[in-house]
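Down below is the structure, laid out as structure tokens.
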Amino acid sequence: MEEAKRDEEKSKQQQIWSWGAGTEGQLGTGKLEDEYLPQLLHLPFLSSAGSISTLACGGAHAIALTSVGKVFTWGRGTTGQLGHGEMLNSLHPKPVSSLQSYVITHVSAGWSHSGFVSDIGLLFTCGDGSFGQLGLGDYRSQSTPVQVDYFADNFVNQIACGMRHSLVLLKGNQVYGFGSGKRGQLGISRDKIKSVNLPQVTCGLEDVQIVSISANGDHSAAISGEGLTYFLFLTVAIKADKKFLA
């Protein structure tokens, strides 16, 4: 009871800003124009959906995850990346209604696709699927989040969405990649791969305790529990000590 009260107080105090490119509604200001300075957003849903715990910015869309596991999206939705059941832009944050019965704990926004992980390890994806980046076994786009059945018997911890590919981290520390692989960003083979539409194991990380993954553009990275960073590009996994990187 006290925890709910604290969360309510936090949501009342919380403020969210956005700025930059806004011509597709991705700033959530209700205007189709760029903003050169941070703009305070009016988000009335915070009072009932809890404070925002995570914000994810994609190519031209944004995802907000609240402290009680609810998801709101806005911006460009022309390939279904907002998950609203239609392929239209949204100038204001709208709830992803098909995920209302789940408690979402992790979200990621790619260039034109999105990923959502629930508290029981289920993975959902939506948006552009033309490179197989949704992991659903085809190359179709989806306007509503669809569960990735490939991981039905596994517990998904995280998803990282890049430009045209995705990475998934399982509870057992295993990393999978799917989508475009032409630059080696999937890390699944030493040979050049155009794309895959089903998850495949990322090579060289099988015996490493991976705790975090990241994907952007046409490259990927992962951090191990030992503080080592792994980069995936041109189908080669390179291990670099953080001290060396600094």
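In case you wondered, yes, glycine gets a Cβ from its N, Cα and C as well.
Any TrEMBL annotation is an automated prediction that lacks curation.
Taken from TrEMBL, the feature domain 'RCC1-like' covers 15-230.
Residues annotated as repeat 'RCC1' in TrEMBL: 14-68 (among others). In the repeat 'RCC1' (14-68), the DSSP tally of helix, strand and coil residues is 4 helix, 22 strand, 29 coil.
Taken from TrEMBL, the feature repeat 'RCC1' covers 69-120 (among others).
Residues or ranges marked as repeat 'RCC1' by TrEMBL: 121-172 (among others). Mean model confidence for the repeat 'RCC1' (121-172) is a pLDDT of 97.
Annotation source TrEMBL lists repeat 'RCC1' at 173-226 (among others).
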Worksheet entry | Helix, strand and coil counts within the repeat 'RCC1' (69-120) (DSSP) | 3 helix, 23 strand, 26 coil
